Amino acid sequence: MKIISWNVNGLKSIIQKGLIDFIKKYNADFYLFQEIKTKEIPLTFQFLGYNVYSFPAEKKGYSGVLTLSKIKPNNIKYGIGIEKFDIEGRVITMEYDKFYLINVYFPNAGVGTLKRLDFKLEFDKEFEKYVLSLNKPCIICGDFNVAHKDIDIYDPINLKGYAGFTDDERRWFDHFLSLGFIDTFRYIKGNIIKYSWFSYSIIARKKNEGWRLDYCVVSKELKDKIVNADILDNIYGSDHVPVLLEINI
């Protein structure tokens, strides 16, 4: 089973930049997109053989998640049941016989001012509670908006304390993994340095000055079923690049 997660930073824009060809090329069973920034979903995805599940934000041109699935779920849930988070279109959960697949877009703590750090940390805690309430192993993919370890950011000394690299955000991710979850990229690739987000500056991409903000995390019960995990850092079109998980389940 192949899963690809990608913060596309605008669905309409990424479609114009070759998204459909990308979908056809990789032929994944699931595509999980974040930051779609639209309520208008083209029929093209259905023509390609996917079931389409969209959870846009109420605010126009902001946030929102979209899941494409070749395999129809038993049940689907939009959000985590807390209005102030759910109006921003951040979580889609699909239930299957043996697992849950969760598409998530974590809030940004706020560039420069950290004005949404408290909001982000509250979302972290509530998302954690939500996931722990589920009664099957989970596959959680999306933009976590945190660079977990020093190895996950190109300049850990000078960027310490910036949104996405605060001690509070990183501690929560440590805690979350300690509850019985696996960062699949690190599990497969060890200490290989790859990043999933770059500023739109051409220089940043060329110099590999990035952050690893996007993850596929799975319940420890699925550890032996992980086949491959990677960051597709040769793909362009967004400030993020796709992350891939292959798992036998």
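The backbone N, Cα and C atoms fix where each Cβ goes, glycine too.
Residues or ranges marked as active site by TrEMBL: TYR105. Taking a C-beta cut-off of under 8 angstroms and a sequence separation of 6 or more, TYR105 (active site) has the following same-chain neighbours: ASN7, GLN34, GLU35, SER63, GLY64, VAL65, GLY89, ARG90, VAL91, GLY142, ASP143.
Feature annotation from TrEMBL assigns active site, proton donor/acceptor to ASP143. According to DSSP, ASP143 (active site, proton donor/acceptor) is assigned to a strand segment.
As annotated by TrEMBL, active site, proton acceptor applies to HIS240. HIS240 (active site, proton acceptor) falls within a strand when secondary structure is assigned with DSSP. Counting Cβ atoms from all protein chains shown, HIS240 (active site, proton acceptor) has 24 others lying within 10 Å of its own Cβ.
Less than 8 angstroms from the CB of ASN145 (Mg(2+) binding site) sit PHE106, PRO107, ASN108, ALA109, LYS120, ALA163, GLY164, GLU169, LEU213, each of them six or more residues away in the same chain. As annotated by TrEMBL, Mg(2+) binding site applies to ASN7, GLU35, ASP143, ASN145, ASP239, HIS240.
Taken from TrEMBL, the feature domain 'Endonuclease/exonuclease/phosphatase' covers 4-240.
Annotation source TrEMBL lists site 'Transition state stabilizer' at ASN145.
According to DSSP, ASP214 (site 'Important for catalytic activity') is assigned to a strand segment. The Cβ neighbour count for ASP214 (site 'Important for catalytic activity'), using a 10 Å radius and every protein chain shown, is 23. TrEMBL lists ASP214 with the feature site 'Important for catalytic activity'.
Residues annotated as site 'Interaction with DNA substrate' in TrEMBL: HIS240.
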For ASP239 (Mg(2+) binding site), nearby residues of its own chain (Cβ under 8 Å, 6 or more apart in sequence): ASN7, ASN9, TRP197, PHE198, SER199, TYR200
Assigned element (helix, strand, coil) containing TYR105 (active site), judged by DSSP: strand
The domain 'Endonuclease/exonuclease/phosphatase' (4-240) [mean pLDDT, rounded to integer]: 97
Least Cβ-crowded entry, counting other Cβ within 10 Å, from the recorded positions listed as GLU35, ASP143: GLU35
DSSP-derived structure type at ASN7 (Mg(2+) binding site), helix or strand or else coil: strand
Residues within 8 Å of the ASN7, GLU35, ASP143, ASN145, ASP239, HIS240 Cβ centre (excluding the Mg(2+) site residues themselves): VAL8, ASN9, GLN34, TYR105, SER196, TRP197, LEU213, ASP214, SER238
